[in-house]
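To start, the structure under review is shown below, and the notes come after it.
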Amino acid sequence: RIDIQDESISRVYREISELESGFTSANHLSLEQAGMVYCPFTVEPHHNILFRSFQSFLASQSRRHLEQITSVGARPVGSPENEVLTVGYLLEQIEKIRVETAAGPHQLTVDVQRPTGSFSIDFLGGFTSFYDRVTNIAVRLEPKGGTQHLMLANCHFDTVANSPGASDDAVSCAVMLEVLHSLANQSTPFPYGVIFLFNGAEENILQASHGFITQHPWAKQVRAFINLEAAGVGGKEVVFQTGPENPWLVQAYVQAAKHPFASVVGQEVFQSGIIPSDTDFRIYRDFGNIPGIDLAFIENGFIYHTKYDTADRILTDSIQRAGDNILAVLKYLLKSEKLADSSEYRHGNMVFFDLLGVVVVAYPARVGTILNYMVATATFLYLAKKASLPGNGGGRYVRDLACATGVAVMSWIVTLLSVLIVALLVTLLGRSMFWYNHFYAAICLYGTAATGKMILVHTLAKNLYFGVSGLGDLYFDVSLLLWCCSLVWLTHQGLCSAYVPMLMVAFPLATKLLLAKEFKHRGASVKYSVLYLLGLALPYVHFMFLIWVVFEIFTPIMGRSGTEIPPEVVLASLVTLATIFLSSFFLHFIYLVRSTKWILAGLGSVFIVVFLLMSCGLLFPYSDSPDSPRPKRVFLQHTTRTFHNLQGQVESQDSGLWINSFDYTGIQHITPHVPEINDSVRTHCREDRPFCGYPWFLPVKFLSKKNWYLPAPEVSPSSPVEFSLLSKEETSWGTIKMTFSAKGPSHMSLYLMPHRGASLSTWSFGDGKPQFDLSGEYFIFYSHGLDAPTWTFWFEIQVLDPDPSGPEGMISVAISSHYFFGPDQRTAQLEEILRRFPTWAFPSSWVSTYDMYRY
Ligand SMILES: *[C@@H]1O[C@H](CO)[C@@H](O)[C@H](O)[C@H]1NC(C)=O
Ligand SMILES: *[C@@H]1O[C@H](CO)[C@@H](O)[C@H](O)[C@H]1NC(C)=O
């Protein structure tokens with residue numbers, strides 16, 4: 001006899017389906033009801049019984065989709081792999097589901113949308129996007145008879161060039177197919193419907209979702225969305241962000257998700273903009289005014305967007321987890337009356353965080369504010385009571401507390417400075433990013449430096465302070481006070497993340513008060529220490545988990561944050577901050593132990609050993625190990641550049657391999673393998689040419705200022721760009737309107753650089769308001785689906801007072817083409833140099849052109 005709980009059906013199925021091949025004849029048993037199901041018979045080893053629940057999420061099925069979708073390789077927008085093969089596969093699977101569930105209580109409508117549009121956003125310094133006939137597959141599942149209120153679930157199946165994109169984002173589409181399957185197969189209808197949007201142009205900086213939310217007739221009925229993304233490969237998917245406002249969405253996740261993984265800290269960090277990536281979440285929020293939940297896989301970001309992002313690196317368990325969660329959350333929301341009337345429940349934020357992935361704690365931000373202030377008040381009362389104790393002779397306690405707080409703050413500054421000096425030394429030695437493939441080494445170097453310095457400063461302070469008893473106790477109060485200050489500050493700023501210092505104050509304070517007697521009688525006995533640590537365990541474990549997430553995200557980001565941000569400074573600061581935070585309630589142990597000599601000696605030796613290993617170059621940043629690759633990211637564009645003068649004649653022309661390193665180490669480690677890539681071919685930005693005169697695919701010239709240009713023969717793609725000025729006329733309001741046409745491959749970039757004294761007043765893109773970037777130039781990202789008509793666009797330019805010292809004319813216009821697939825993507829020179837690249841590098845390469853005109 002087997003009792004099967006609803007949530008374990010899928011597990012039972014998985015186990016049985018692994019044995020599936022062993023079954024010769026199978027009796028199909030369909031478990032129709034949710035909830036407790038009894039199978040009132042005995043299963044003997046010789047019985048051939050296949051259990052199958054069509055209503056739960058089958059990771060094995062989803063995995064099959066994942067393997068099918070990724071089997072075609074990279075799927076950039078416009079490629080047959082994306083627009084024909086993947087679209088064909090998805091439509092075929094959706095049709096299968098439609099036919100299979102046609103008799104059920106739901107109806108399924110499929111619509112392939114090929115939108116054209118444009119928009120501007122301020123992401124990456126500000127740029128504009130134009131798309132023509134990119135692909136969306138929208139699948140609407142609703143009760144027969146229809147509904148007015150819909151959820152939206154979004155994934156994308158396109159990829160960046162040269163990556164199979166299993167995690168980003170084929171796995172999400174595979175999960176969504178299977179979620180669709182099980183929802184469509186439910187025997188009782190849901191009151192509301194859901195649109196599954198398989199979007200085919202996200203890597204093109206969020207184009208397809210914009211096409212859907214601004215143009216699709218169903219978009220107006222969408223009340224909330226779930227977006228499935230990746231910033232890493234595999235692992236658990238974490239709630240990146242939710243909202244804006246709409247606390248009921250978080251509540252739905254909290255109540256329904258089977259394996260919750262979320263913290264409001266992540267959301268507030270992400271929304272502060274320090275993570276250089278963005279998801280469709282932004283488009284739905286800003287252009288659709290729809291609240292939602294953004295989920296993303298975050299582990300192993302080292303190989304995201306590389307050739308290593310393959311299906312075999314995604315565990316079936318990850319898929320099962322994601323599927324269980326999404327299915328459960330959708331089931332919950334499709335029954336929730338809050339979906340129908342979301343405006344009623346719109347206001348307020350939620351504080352939410354999970355404890356070890358077991359439970360999610362969630363409460364309204366208002367409650368959080370009250371709670372935080374209560375904890376802060378309790379702390380001040382505790383400190384005030386101490387200050388007013390008799391025997392504290394005229395504020396001696398207050399003076400000591402102030403003094404000790406000063407020492408603590410000074411110890412932070414000294415520590416941070418010392419660790420930064422070590423970071424600088426590492427950078428000067430040319431050993432940047434040694435921790436990229438040896439993370440523990442960063443902890444051993446910067447962690448020991450930080451801990452050692454803290455202990456040293458406090459040991460000195462203790463020796464100078466000698467004779468004052470009760471210092472241990474005093475330092476506990478100092479930590480309490482400092483955490484309490486950050487609690488009050490964060491709460492005052494309205495940040496939900498204030499719950500972290502709240503935990504860091506409430507638990508230690510409660511522990512301390514409970515243990516006061518023990519300490520009084522026996523001092524820092526073993527029993528006291530153990531109980532003290534137990535009391536700190538919960539906030540500390542949670543805090544360490546947050547720190548783990550920070551490193552999980554930021555360490556890989558240093559591999560793609562450009563040549564300008566020194567990664568040592570970032571990592572050293574993060575490690576130091578983590579040390580400072582974690583050490584707080586342990587500081588007073590320094591004042592309780594007799595001597596710190598041995599600890600310091602131990603830390604010092606570890607530091608010296610790692611420092612020597614690092615400076616001898618034994619810690620190499622990159623690796624091609626198949627189990628945990630740490631590829632160095634490089635863009636390699638074989639390019640021909642043509643510059644025209646004001647008269648339209650070709651002024652100069654050259655060709656070369658344009659090399660862009662994604663990280664701070666530049667080409668330092670590449671040169672030994674490919675000697676001609678060395679600093680003698682470093683380029684310099686030509687300020688008189690749009691975007692420095694190079695074919696930037698993304699508007700990130702401010703992040704990657706160092707690039708290299710190795711002379712090479714001309715490229716000759718089969719369909720070269722045709723670019724022309726169609727008309728140039730003076731308007732009655734004093735501007736000059738110029739209209740252009742361009743025809744070329746699926747991806748082109750348009751760069752506009754009005755010369756000094758001239759400015760763009762309006763144009764044909766977005767809302768008509770020209771969006772400039774950090775340096776006052778304009779970047780327009782163009783892409784089209786399978787085939788598209790000639791692209792025409794216009795702008796109006798106003799010349800107020802021309803500057804004779806600048807380039808001739810009023811504006812420079814440049815257009816770049818990018819050949820991301822097919823025979824045009826490769827040239828013999830590219831192949832030859834790629835063969836010589838070290839195996840630990842991931843050079844993503846393609847053919848480009850750059851043509852500049854002056855008007
Ligand atoms: C669920 O799927 C099974 C197997 O294909 C099918 O027999 C059944 O009719 C489906 N139920 C519904 C409600 O679609
Ligand atoms: C550096 O590169 C240039 C051009 O690519 C090449 O001519 C030169 O030999 C290289 N220098 C070394 C030391 O390899």
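Positions of Cβ are set from backbone N, Cα and C atoms, glycine also.
Quick look at what TrEMBL lists:
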DOMAIN    136-329  domain 'Peptidase M28'
TRANSMEM  355-383  transmembrane segment
DOMAIN    397-614  domain 'Endoplasmic reticulum metallopeptidase 1/1-A TM'
TRANSMEM  404-427  transmembrane segment
TRANSMEM  439-461  transmembrane segment
TRANSMEM  473-492  transmembrane segment
TRANSMEM  498-516  transmembrane segment
TRANSMEM  528-551  transmembrane segment
TRANSMEM  571-591  transmembrane segment
TRANSMEM  598-622  transmembrane segment
DOMAIN    629-853  domain 'Endoplasmic reticulum metallopeptidase 1-like C-terminal'
Folded-back contacts onto the transmembrane segment (473-492), same chain, C-beta under 8 angstroms, at least six residues removed: 368-369, 372-373, 375-376, 379-380, 382-383, 386, 400-401, 404-405, 408-409, 498, 501-502, 504-505, 508-509, 512, 519, 584-585, 587-588, 590-591
The transmembrane segment (598-622) versus listed stretches 355-383, 404-427, 439-461, 528-551, 571-591: most Cβ pairs under 8 Å: 439-461
Overall pLDDT of the domain 'Endoplasmic reticulum metallopeptidase 1/1-A TM' (397-614), taken as the mean: 90
Residues of the parent chain within Cβ reach of the transmembrane segment (404-427), under 8 Å, 6 or more residues beyond its termini: 434, 445-446, 449-450, 453-454, 457-458, 461, 471, 474-475, 477-479, 481-482, 566, 568-569, 571-573, 575-576, 579-580, 587, 611, 614
